[in-house]
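In what follows, a single structure is set out as structure tokens and then discussed.
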């Protein structure tokens, strides 16, 4: 039964990562190669805005209909969007490309609410939580690699239209799979009952918000997910563009940053699930955040080297790989922390609660990464990376204090079951 759950969730999160891969890996390299400024490239992060707003319609998804209906509808919508995108000429229809990606982000954000709600209900016990969150993170990143690395490597050969036609087939196949998935069979009666009382609660959002904020551990988790990725996200966004300016071609960057580094990220996320079955989450977070700070120091030191050389390229690849490995590990730990917090909420608001935390997590990453390009254009790479390092160190201190006196203190002593 657990294997059926993991396959089901893995497929959902895989296709959810495709829009992110298209926008985070394919689009920046395309725009930079066309001569656009770092500021303009960073501003494309605005297309992620539906992920920030999804908490506004999360109560509707939580309380009306069934998770199966929401999932099938959104995935089928993504398939149709890809079919329309296949008819676009990206060289002369830049705004149409932006509109297509915005629509994909909108549909994927709604799908995410339903998928998270299904995951919270399906996964039970510390063992299933660790495995489920590993599948969630790994599936999402695998979809990102497929779209941002694999498709970037073949788009010159296959062309824009065939690429989106392939994506439409992928989404269509998953929509059919979800329609017949047996793991959701038990939700029908419960979903219908919730749907009858849903509109009343949706019309009284202040009651929902009061319930969300009263869940134990929510205030600390809110601040944590808003800030834990700030410095890391700035570095992950800007360091590849530094390499593009000084040390690597777009094709090399597509390989090392779009495929290899992301593979290390997936490994980190997978190992995170294993470590959660062996050690307490508080102990893991304290140690991994300190290691991330040291990794940031190493990467920042590479910015003083402007002359291309095989040694510098090797050090850059090492830095990217280590950075993404640690980022993947931390992401798994973070999403497990979020789900632990959400499972303390009453069942009728669990999907909304988790979507609320996930929205803050996205908001923290996007708000800073959207500003990172303008910061580098203004003060240069070295000064910007000093700020990234400061933010990374502050996040490590915040986690350390939580394991000493805060909400992670008990989890530091707690052993996995």
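Cβ coordinates are placed from backbone N, Cα and C, and glycine is handled just like the others.
What you are looking at is a predicted structure, and each value in this text was computed from that prediction instead of being measured.
From the options 161-184, 185-208, the stretch TrEMBL describes as transmembrane segment is 161-184.
Ranges compared are 37-57, 100-120, and TrEMBL records transmembrane segment for 37-57.
It is 351-373, from the ranges 121-143, 351-373, that TrEMBL records as transmembrane segment. Ranked by the number of CB pairs under 8 Å to the transmembrane segment (255-276), the listed stretches 7-31, 69-88, 351-373, 379-400 are led by 7-31. Highlighted: of the candidate stretches 161-184, 220-243, 351-373, 379-400, 220-243 has the greatest count of Cβ pairs under 8 Å to the transmembrane segment (318-339). Long-range neighbours of the transmembrane segment (379-400) within the same chain, counting only residues 6 or more positions beyond its ends whose Cβ lies under 8 Å from a Cβ of the stretch, are 223-224, 227-232, 234-235, 238, 242, 285-286, 289-290, 292-293, 296-297, 299-300, 303-304, 372, 408.
Among the listed stretches 7-31, 69-88, 161-184, 220-243, 351-373, the one sharing the most Cβ pairs under 8 Å with the transmembrane segment (288-306) is 220-243.
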